[in-house]
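Asks: Encoded as structure tokens, here's the structure I'll be asking about.
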Amino acid sequence: MRSSSSPSSWCSNFWASANRSKTLNAPSDRSAAGDSLVRRLGLFDLLLLGVGASIGAGIFVVTGTVARDAGPGVTVSFILAGAACALNALSYAELSSRFPAVVGGAYMYTYAAFNELTAFLVFSQLMLDYHIGAASIARSLASYVISILELFPVFRGHIPSWIGHGKEIGGVLSINALAPILLVLLTLILCRGVGESSAVNSIMTVTKVLIVIFVIFAGAFEVDVSNWTPFAPNGFKAVVTGATVVFFAYVGFDAVANSAEESKRPQRDLPIAIIGSLIICAILYIAVCLVITGMVPYKLLGEDAPLAEAFTAKGMKYVTVLISIGAVAGLTTTLLVGLYVQSRLYLGLGRDGLLPPIFARVDLKHHTPIISQIWVGAVAIIMAVLFNVHELSHILSVGSLTGYSVVSASVIVLRWKDGASSQVSKRWISKWHEGVMCLIGIALCGFVCGLCYRYSASFVFSIVALLLAVTAVIALHFRQFYVGPPGFSCPAVPFLPSVSIFFNIFLFAQLHHEAWIRFIVLSIITIGVYAFYGQHRAHPIDSDQAIIYHRAPSEVVLDGPES
């Protein structure tokens, strides 16, 4: 890009670059190439990928934490969160079917629907969540591994805290020696190839699901229904607040969307795996909540290991060993899939030029983005060995909520583009911006309602914000022209995606105020990086021109018209 001769021309160039979008077409099957990823994931692999990313700390830890406030109503918290995530999953399912052969997930969908800068902002917010989350899960996994070792007398009381449980050195600093070792092992597995990492994930996921099912049936015979009364001891508000916490236990569908380029039949399998993994997780979560709150009065549930403590209270210590093994398997798969997703996001940005091209390199032998994989592993290792990442947990989830909101908005916007692509005119452009303003209005109304709920403000403000949001949705419905996508179709567009945006931002308003500060500061930093690097390096050409795909076997070629 030419250098600016004046501030006005620099701003003009920046604005032009920031508003570039990416054309994504479902590419035809191509011959194998050395720099391609390989299609090795079938429907069962994708289902286990989604379940593996979700079933972890949510089922072994968060259930007890939320139950202390919501009581047995924690079951409703998981139902509400599952319903909200179902709306997000429907949007992901449509876009994964529309663009079945590109990595990048939420980042790539945003690039196609909106513009380059918005996509870069979505990436940065999501990536910080992933980096902190990976380090946090690694430390939790290390702690569980040490707990299992301490079941044996030879290790009991002889393992220093700095090895697995972490040794605090004031404030945020905390030394942990085992967590980075586990991260190195998982990073090596991921570098070996998607087949090897998928096999490890499948074994671990099946193990933990079987253990959870066993725990459910074993605990069902110890349930005392009187423990379910009162069902919501602290009122419905505590149940809703609990939903904002457990919402993040359903995030596996983002991992499925990011595996598009390695799926055998992406147009068919991705939507099924996204929705199917969500349903499986919801059933397991709800069943576990009913069992543990029925076994033990909610006030007696522990916050660190509620499942284990519930069975110990019933004299079933042998089950606690299984639970510990299940927790290790659950955290391992969650960490493995999280590292996998991060590397594919970096791969997508490296290909687009928004990050240095080294991140776009794919190993010739293993067909994996080894440089990107080593990078995300190294970041997690540094954070896990030095920092008490639990202190940073209150600034998490910003990326997930904002990313999901933009994905839901992308479904609506891309439907407009299909309907108006043949009549690009000044009037259409004004209607496009009118629609975007409606989407922004829905998000702002969700934030206002969330603030009113959080700070117990007058009910009138919430009603006004809700009415304004409904008006914006009605305007979207009657003022825009919609055409259905060629693959899976999210129902009731623009209504369901609009509800998803509203509720996601409602939950965003429930986050700690430091999370809002993190959102603003990281956005400013991201814009700065884009201004001085990204806008000059990016090359938003069509995906089917930019990427060469590894040939899929003939029996699992892409669905759709033959090339």
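Residue numbers in this text run from 1 along the chain shown.
Cβ from N, Cα, C; glycine included.
TrEMBL lists these features:
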type	residues	note
TRANSMEM	74-93	transmembrane segment
TRANSMEM	99-123	transmembrane segment
TRANSMEM	130-149	transmembrane segment
TRANSMEM	169-191	transmembrane segment
TRANSMEM	203-223	transmembrane segment
TRANSMEM	235-253	transmembrane segment
TRANSMEM	318-341	transmembrane segment
TRANSMEM	370-389	transmembrane segment
TRANSMEM	435-453	transmembrane segment
TRANSMEM	459-478	transmembrane segment
DOMAIN	488-537	domain 'Cationic amino acid transporter C-terminal'
TRANSMEM	490-509	transmembrane segment
TRANSMEM	515-533	transmembrane segment
Asks: Using a Cβ-Cβ cut-off of under 8 Å, list the residues of the same chain that are 6+ residues beyond the ends of the transmembrane segment (169-191) and lie near it.
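Replies: Cβ under 8 Å, 6 or more out: 134-135, 138-139, 141-142, 145-146, 162-163, 197, 200, 332, 335-336, 339-340, 343, 363, 366, 368, 370, 373-374, 376-377, 380-381, 384-388, 391-392.
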Asks: Which numbers of helix, strand and coil residues does DSSP report for the domain 'Cationic amino acid transporter C-terminal' (488-537)?
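Replies: Going by DSSP assignments, the domain 'Cationic amino acid transporter C-terminal' (488-537) contains 39 helix, 0 strand, 11 coil.
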Asks: Counting CB pairs under 8 Å, which listed stretch among 130-149, 235-253, 370-389, 490-509 touches the transmembrane segment (74-93) the most?
Replies: 235-253
Asks: By a Cβ-Cβ criterion of under 8 Å, what residues six or more beyond either terminus of the transmembrane segment (130-149) are in contact with it?
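Replies: Distant contacts of the transmembrane segment (130-149): 56-57, 61, 155, 159, 163-166, 176, 178-180, 182-183, 321, 324-325, 327-328, 331-332, 334-335, 338-339, 341-342, 345, 376, 379-380, 383-384, 387, 389-390, 392-393, 395-396, 399.
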Asks: Between 99-123, 370-389, 435-453, 490-509, who has the most Cβ pairs under 8 Å to the transmembrane segment (515-533)?
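Replies: Out of the listed stretches, 99-123 contacts the transmembrane segment (515-533) most.
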Asks: Give residue numbers and ranges for long-range contacts of the transmembrane segment (318-341): same chain, 6 or more residues beyond its ends, CB-CB under 8 A.
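Replies: That would be 49, 52-57, 59-60, 105, 130, 133-134, 137-138, 140-141, 144-145, 147-148, 151, 182-183, 186-187, 189-190, 194, 197, 200-201, 204-205, 207-208, 211-212, 214-215, 218-219, 252, 254-255, 258-259, 305, 307-308, 311-312, 373, 376-377, 380.
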Asks: Go through the chain and flag residues at least 6 beyond the ends of the transmembrane segment (370-389) whose CB is under 8 A from any CB in it; none is fine as an answer.
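Replies: Those are 130-132, 134-136, 138-139, 166, 168, 171-177, 179-180, 183-184, 186-187, 190-191, 339, 342-344, 346-347, 350, 358-359, 361-363, in sequence order.
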Asks: Cβ pairs under 8 Å only, please: of the recorded stretches 203-223, 235-253, 435-453, which one is richest in them relative to the transmembrane segment (490-509)?
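Replies: The stretch I would name here is 435-453.
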